[in-house]
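Please read the structure below before turning to the comments.
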Amino acid sequence: MRTSVVIGNWKMNGDRVANIKLLDRLEKELSVQNNCAVVVCPPFPFLSQVAGWLLSQKINIGAQNVSAHNYGAHTGEVCGQMLTELGCSYVLLGHSERRADNYESDTEIAAKFAAAIETGLTPVLCVGETLDQKNAGLTQSVVTGQITSVIEQLGISVFNKAIIAYEPVWAIGTGETATPEQAQAVHLAIRTLIRSYDNILADKIAILYGGSVKASNAKALFSQIDIDGALVGGAALDADQFISICNAAA
Ligand SMILES: O=C[C@H](O)COP(=O)(O)O
């Protein structure tokens, strides 16, 4: 039995007043179960505020990015040690918005993955195909390539302390969700890929779905055997929605 994980990616949203309103509701109303880890990933400037507010520790904190480097002359970067010092235990890596907006390559993502592991953060490796790739029948080869790139650079064992999030790019922020069956097929392919390297790890690793997850579709997605939770964007900013999604996963 794998532990479910629901991660709220706030992306570049929030302000100090709205954050408190949202966190206050989550702290009061989330009945976190042992079989479901809940994580929120605010923008860097709010990490300290969020860490100071979440005193019950039933909600974990993640960052949306990390530098591949340690301390030093890397202007504008934030290293893993700084994130752990602020209370982060997770970090999103390779989100499609960073792959597109910041031209992050698989090689760079693997370097960040290594830095995350070294500093005690749990990397959440985001993978997924664009609409053109989907229409060309390339979904599984794109996703396999993105994961294999990390395995080839770092070895399979780093995935013992990692999460994979399948996020079809065409479903992100569009309101269009992969059907539970479509998502399950890709999740199974990912687990089969991991199984080809390590059978025990394949049964253990959490594979999350992301892409327009909401209260109304969460239960059906989570009913699929290889969907272990969600990486939630827009709905993570709405307390009612996010709490419902967490309840559906628990
Ligand atoms: O990181 C979250 C994903 O990009 C999904 O975003 P969304 O739920 O707004 O579609």
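Backbone N, Cα and C define each Cβ position, glycine as well.
The substrate binding site feature in TrEMBL is assigned to N9, W10, K11, G173, S212, G233, G234. Over all protein chains present, the Cβ of S212 (substrate binding site) has 20 other Cβ atoms lying within 10 Å.
Annotation comment: TrEMBL describes H95 as active site, electrophile. In the three-state DSSP scheme, H95 (active site, electrophile) falls into the coil class. Summarising the environment of H95 (active site, electrophile), the number of other Cβ atoms within 10 Å of its Cβ, over all protein chains shown, is 28.
Around the Cβ of E167 (active site, proton acceptor), a 10 Å sphere holds 28 further Cβ atoms from the protein chains shown. Feature annotation from TrEMBL assigns active site, proton acceptor to E167.
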How many Å separate the Cα atoms of K11 (substrate binding site) and H95 (active site, electrophile)?
10
What does the structure give for the C-alpha distance between S212 (substrate binding site) and E167 (active site, proton acceptor)? Integer Å is fine.
9
Run through W10, H95, G233, G234 for me and report the recorded positions whose CA is within 10 Å of the CA of E167 (active site, proton acceptor), in sequence order.
H95
Return the members of W10, K11, S212, G233 (the binding-site residues) with CB less than 6 angstroms from at least one atom of ligand 1, or none.
S212, G233
